[in-house]
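As recorded in TrEMBL, the features of this protein are as follows:
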| type | residues | note |
| --- | --- | --- |
| TRANSMEM | A:12-34 | transmembrane segment |
| TRANSMEM | A:41-62 | transmembrane segment |
| DOMAIN | A:80-129 | domain 'NADH-Ubiquinone oxidoreductase (complex I) chain 5 N-terminal' |
| TRANSMEM | A:96-116 | transmembrane segment |
| TRANSMEM | A:128-145 | transmembrane segment |
| DOMAIN | A:146-433 | domain 'NADH:quinone oxidoreductase/Mrp antiporter transmembrane' |
| TRANSMEM | A:151-170 | transmembrane segment |
| TRANSMEM | A:215-235 | transmembrane segment |
| TRANSMEM | A:256-276 | transmembrane segment |
| TRANSMEM | A:316-340 | transmembrane segment |
| TRANSMEM | A:346-364 | transmembrane segment |
| TRANSMEM | A:469-492 | transmembrane segment |
| TRANSMEM | A:512-536 | transmembrane segment |
| TRANSMEM | A:616-638 | transmembrane segment |
């Protein structure tokens with residue numbers, strides 16, 4: 001089982017870890033409160049604050065490396081204290097939060113920089129950077145908290161910021177609807193998470209990570225299962241996993257840098273963080289792990305199948321995010337050494353997915369905000385930098401060696417084949433097929449966008465490359481896409497041992513030899529990519545073509561929206577209508593009916609129609625009768 | 001025959017109530033003797049001074065734990081805390097009531113008896129200053145609430161209930177604008193209030209039949225000792241609970257709330273949403289914790305169902321509202337449900353977290369209604385939600401304040417709303433009421449939706465032709481807003497001092 005978890009108290013330089021959060025937060029406050037006065041320089045303040053946080057994060061990172069016990073806790077003040085409930089406003093800086101801090105602030109600074117150029121002509125740029133900084137602060141709080149309540153606060157904070165940012169271009173009704181959808185689906189997840197925290201508190205009397213993890217062994221297995229499932233519900237909501245995956249692609253209505261930062265690189269990985277952070281809970285119950293693995297495997301397939309059928313560049317990328325996070329869930333579900341693999345994939349994904357989104361943004365920037373890949377083609381000649389960086393990120397995501405995706409994804413496929421029994425075949429093969437399909441649709445995207453004949457709309461004659469403030473981040477991210485995976489695959493798992501446990505000594509056997517799996521994954525990748533190239537190198541039809549049932553289903557997001565509508569929306573609307581009806585009219589109608597029956601004749605009815613007080617009184621009387629009856633029933637033992 | 005003698009009264013302990021009743025009586029006197037021009041300032045200052053004086057006495061008396069006036073009044077931790085809360089919130093409400101900067105003559109009509117729509121009415125609407133009787137009426141209401149949370153027997157409680165209800169009925173009818181709506185609201189509130197009072201009184205009679213007394217101590221003892229049929233006890237408790245749940249706006253006794261909140265002058269709505277809620281739950285806490293704690297096992301499931309129903313109805317119906325005051329009314333109903341969850345924890349934690357919730361909610365809700373008084377056009381307040389579209393562009397400061405308030409209602413962390421919900425849910429879970437917590441969490445997630453809808457509307461919609469401007473608040477309203485917003489923030493970031501205070505105050509005397 002798990003060793004005892006112990007955190008040292010932060011001292012020296014590390015006792016100022018809170019600055020990481022405070023700096024972007026202060027910047028957000030300045031940007032939002034100063035109003036128009038900050039319009040001229042506000043965006044640079046926004047970039048600088050995240051940059052400073054990144055430098056600080058690096059400093060803390062090296063400081064942490066020098067320590068023996070690589071996990072330090074910092075309690076800022078007592079936050080909530082009611083009876084036996086005690087919650088610290090406390091931070092935890094350990095290897096896991098350290099890598100997340102570097103990802104959030106590192107990729108975050110690049111995206112902030114890019115947004116300076118991307119949002120240049122937008123009147124709300126200062127406000128945008130205010131929300132953006134707010135998001136970064138909340139995300140940092142999420143990964144730096146030392147208890148589940150802190151995590152929850154950050155969780156709500158990023159949700160709120162993402163809601164504001166998705167709806168940022170509210171003049172588009174679709175943006176407002178998307179914001180609403182994201183909000184509602186996230187609330188479902190959040191409710192699960194909140195109940196999990198309460199359950200934790202009821203069972204263990206605490207929400208501090210160390211106390212929860214040390215005490216989880218004593219909790220009944222069924223309770224751990226429920227707690228874990230509720231946490232998983234929260235994680236699926238935030239990370240766009242099955243069954244709550246439908247909001248993420250719609251969230252692409254926001255400005256592209258938002259998609260890159262929130263819906264690709266950071267926030268959507270919060271679910272993976274939650275599960276990795278709570279690894280002692282998930283490890284404690286095998287059923288729970290199987291559920292997580294299933295969610296991951298199912299989602300990665302859903303994501304890449306739908307990805308094949310979409311024609312909107314950002315939506316394809318969004319579904320690929322869903323699918324890649326599916327790989328991460330698969331990893332954290334497999335447990336043991338695979339936790340670290342999932343985190344490696346998460347970090348690598350942060351680079352290449354940010355690169356892909358920003359590249360897409362750059363394409364849109366040059367193409368009058370066109371997002372339909374059927375309307376691109378031949379762009380490589382006009383946007384060399386975008387083409388090259390996007391190409392590297394594309395090769396990285398499909399997992400071609402020696403780019404980073406290979407080093408991060410292939411180990412997860414191997415780990416899936418290392419499960420015991422027949423499920424190894426099931427999950428391993430799902431992951432393998434996913435790799436092939438990913439290669440197919442990403443290649444389709446790349447080829448249709450940058451190669452083949454021009455299929456532009458008439459209003460575009462000469463697309464232009466983006467300004468340096470946008471291309472420099474692209475280049476840096478491309479470097480990350482190339483190198484990050486290989487570098488991290490060897491170092492990060494060791495580094496994460498204090499947070500995720502040491503699994504190096506565990507013996508595992510894959511159902512196939514390691515070499516064979518690697519070879520297979522490269523073969524399916526090449527097959528997928530080759531097929532897509534062959535099919536799409538000469539372009540594609542400009543309109544949606546009639547298609548068979550499978551493609552139609554994929555175009556309709558595998559009917560997830562229809563399902564949600566039928567299962568949640570319709571009954572919800574019905575319930576609301578019914579309640580409104582009862583509250584306003586029902587009782588009155590009842591009384592009117594009674595009066596008519598008793599007195600007869602409409603004149604009498606009219607005389608009784610003095611207003612609604614009577615019906616209110618009737619409703620109170622009904623309630624009163626029920627309450628009194630219930631009490632008496634209890635007393636007479638009918639209900640007991 | 002026994003000698004009749006006056007019970008001994010601890011005058012220091014009941015001084016806050018005496019001060020306020022005295023101030024209210026003097027206020028009525030002033031109405032008769034002072035010249036019209038001098039009345040408003042005098043009345044306002046007098047009322048504020050009285051409230052501050054009463055608050056000082058409460059602070060000074062904070063260690064008092066006595067039964068006095070022959071056991072009719074209990075001055076203990078919860079009493080003092082809740083009285084203090086009512087006074088502080090009452091001061092905020094009074095600031096809103098006293099403000100005349102937004103509207104000529106204030107939010108109140110000069111002579112409520114003039115027929116609506118008549119020539120005289122048109123004249124008074126533009127010319128006359130608002131009635132100054134509202135100040136003594138408000139002080140009477142607040143004093144009644146003070147007595148209500150201190151009442152240690154059912155009869156005193158009933159008297160206090162009427163004392164604080166009657167001024168409220170009147171105050172509801174005094175709106176300067178939309179007078180018919182206001183009068184209708186008052187009449188509805190009065191009729192249904194009388195109806196609920198009848199239930200309460202009948203319940204008192206039944207319980208008297210069971211226990212042979214109306215003091216909570218007697219009732220508590222008789223639960224184990226009495227030889228009477230327990231039908232009397234249970235039916236009586238049910239009816240008393242109904243009377244109190246009516247005031248607390250719990251379903252299905254909530255029906256009056258949206259109409260009355262909408263029709264009443266907005267400052268009075270604020271007073272009702274904050275102070276009446278504190279008083280109603282203060283009374284409910286004492287009844288359930290002190291008088292009937294022996295049958296707690298029996299009433300918990302029933303009141304639990306009421307709580308669930310209240311949360312559901314409040315949250316679901318809030319979604320469809322199009323008027324900001326009705327939206328806040330349904331939110332107030334849902335909050336009554338969360339408060340009931342805290343009450344039903346039936347533990348020291350339950351008591352302290354409920355008290356915390358009452359204070360946190362009170363500050364926020366008065367500030368919310370304060371903002372509502374600001375958003376207006378030539379016809380008075382613009383309460384239809386469509387009129388709030390694009391408010392963030394027109395007046396970012398007030399839209400920002402309102403956004404913060406709504407986030408607090410939604411229970412977003414770092415606001416008092418989050419801590420308050422966390423505390424009551426934590427207390428309920430500790431007592432094994434997990435099902436209430438599940439409903440609480442789910443409905444509060446649901447309830448966040450209408451709040452955020454307003455936020456989105458204010459910030460992300462273009463201001464329409466009909467988007468009203470926001471009036472610059474007078475000093476009094478501004479003060480109330482600042483108090484409310486600062487309290488909401490401070491209680492969200494550093495709730496520890498108030499949580500400590502509620503914990504140390506959470507002991508009833510019997």
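Backbone N, Cα and C atoms are what each Cβ position is placed from, and that goes for glycine too.
Automatic prediction, not curation, is the source of TrEMBL annotations.
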Mean pLDDT across the domain 'NADH-Ubiquinone oxidoreductase (complex I) chain 5 N-terminal' (A:80-129), rounded to an integer, is what?
83
If we call contact 3 or more Cβ pairs under 8 Å (sequence gap 6 or more), are the transmembrane segment (A:128-145) and the transmembrane segment (A:12-34) touching?
yes
Please give the sequence-distant neighbours of the transmembrane segment (A:96-116): residues at least 6 beyond its ends with Cβ less than 8 Å from one of its Cβ atoms.
20, 43-44, 46-47, 50-51, 53-54, 57-58, 60-61, 64, 128-129, 132, 136, 139-140, 143-144, 255, 257, 260-261, 265-266, 273, 276-277, 343, 346-347, 350-351, 354, 358, 361, 469-470, 472-474, 476-477, 480, 492, 495-496, 499-500
Based on Cβ pairs under 8 Å, which of the stretches A:316-340, A:346-364, A:469-492 lies most in contact with the transmembrane segment (A:256-276)?
A:346-364
If we skip the immediate neighbours and take only residues 6+ beyond the ends of the transmembrane segment (A:346-364), which ones have a Cβ under 8 Å from one of its Cβ atoms?
99, 103, 107, 110-111, 114, 118, 256-257, 259-261, 264-266, 269, 272, 313-314, 317, 320-321, 324-325, 328, 370-371, 376, 379, 383, 386, 389-390, 392-394, 396-397, 404-405, 407-408, 449, 465-466, 470-471, 473-474, 477-478, 480-481, 484-485, 488, 492
Counting only residues 6+ away from its ends, which parts of the chain sit with a Cβ under 8 Å from the transmembrane segment (A:316-340)?
235, 239-241, 245, 248-249, 251-252, 259, 263-264, 268-269, 271-272, 275-276, 279, 282-283, 289-304, 306-307, 310, 346, 349, 353, 356-357, 360, 373, 397, 409, 411-412, 415-416, 418-419, 427, 431, 434, 438, 441-442, 445, 492-493, 496, 500-501, 503-504, 506, 508
Would you mind splitting the domain 'NADH-Ubiquinone oxidoreductase (complex I) chain 5 N-terminal' (A:80-129) into helix, strand and coil residue counts from DSSP?
29 helix, 12 strand, 9 coil
Which sequence positions outside the transmembrane segment (A:469-492), separated from its termini by at least 6 residues, show Cβ-Cβ distances below 8 Å to it?
99, 107, 110-111, 113-114, 116-118, 340, 343-344, 347-348, 351-352, 354-355, 358-359, 361-362, 365, 385-386, 388-390, 392-393, 395-396, 402-408, 411
